[in-house]
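Below is one structure, written out as structure tokens, with a few remarks after it.
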Amino acid sequence: MLQIKSIPAFDDNYIWLIQNRDRDCAVVDPGSAEPVLAYLKQHDLNLKAVLITHHHHDHIGGVAELVHQFPEIHVVGPAQEPIPTLTHPVEDGDQIELFDERFMVLGLPGHTLGHIGYVGDGKLFCGDVLFSAGCGRVFEGTMEQMFSSLNKLLSLPEETQVYSAHEYTAANVAFALAVEPENEQLHIYRDEVSRLRAQNQPTLPTTLGREKWVNPFLRTQEPSVIRSVASQVSTLDPLTIFTALREWKNEF
């Protein structure tokens, strides 16, 4: 079983560090090298690999410096995105070996066209596609692509731990409660999130099982979610409901 640690960066990013028992590690989406280097030094760890989900600067900004400091590391990332430091470009359906665990690469377009995720050892590293109680903005792809990517994640086991790249949970829960004000699970979760953030603790990882109860973007067939946007749409199919929710969240 791999250990996962969070390294905060910028205002709300998480760089996830994956560690084995031999003090070897990998990091996911290092937008800045400085906090990673400090953590490696403090905990006497050996960096072996970098995993990248997409090309946005707050996810890759530290990669060049990490490669400079550790020239032998593997840099794994989406083959379809402009990331010059990649040594191992991957795409949907590929597999990678990481510290004797096998991770599957999932194509998750929507936020960006080539966005990918990594799932293995009961853990999902999904970048800016799925957040707790929310989902990423659709920048390069289409609403249909993002909706399809989220549905792909729903097929994973409910106990899968979800490691998103940002601490957006409190704001997402506020929106989710606007969508479903009578969702008792959301009220319970809001209190838990408030307690964790008051202690400066991360709200992640979450689980897919929990997200099915609290994330409106995964609940587009629930009557309470449909009612929240029904007056804004002409049809009530799940993609239309998702699109209306995402557009609402953009302005929330």
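From the backbone N, Cα and C atoms, a Cβ is placed for every residue, glycine too.
Proximity of His54 (Zn(2+) 1 binding site) to non-local residues of its own chain (separation of 6 or more, Cβ distance below 8 Å) is seen for Pro78, Glu81, His111, Thr112, Gly114, His115, Ile116, Gly127, Asp128, given in sequence order. DSSP assigns His54 (Zn(2+) 1 binding site) to coil in the three-state reduction, outside any helix or strand. Summarising the annotation, Swiss-Prot assigns Zn(2+) 1 binding site to His54, His56, His111, Asp128.
DSSP assigns Asp128 (Zn(2+) 1 binding site) to coil in the three-state reduction, placing it in neither a helix nor a strand. As annotated by Swiss-Prot, Zn(2+) 2 binding site applies to Asp58, His59, Asp128, His166.
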Original post:
Asp58, Asp128: which of these binding-site residues has the sparsest Cβ neighbourhood within 10 Å?
Top reply: Asp58
Original post:
Within 10 Å of the Cβ of His166 (Zn(2+) 2 binding site), how many other Cβ atoms can be counted across all chains shown?
Top reply: 21
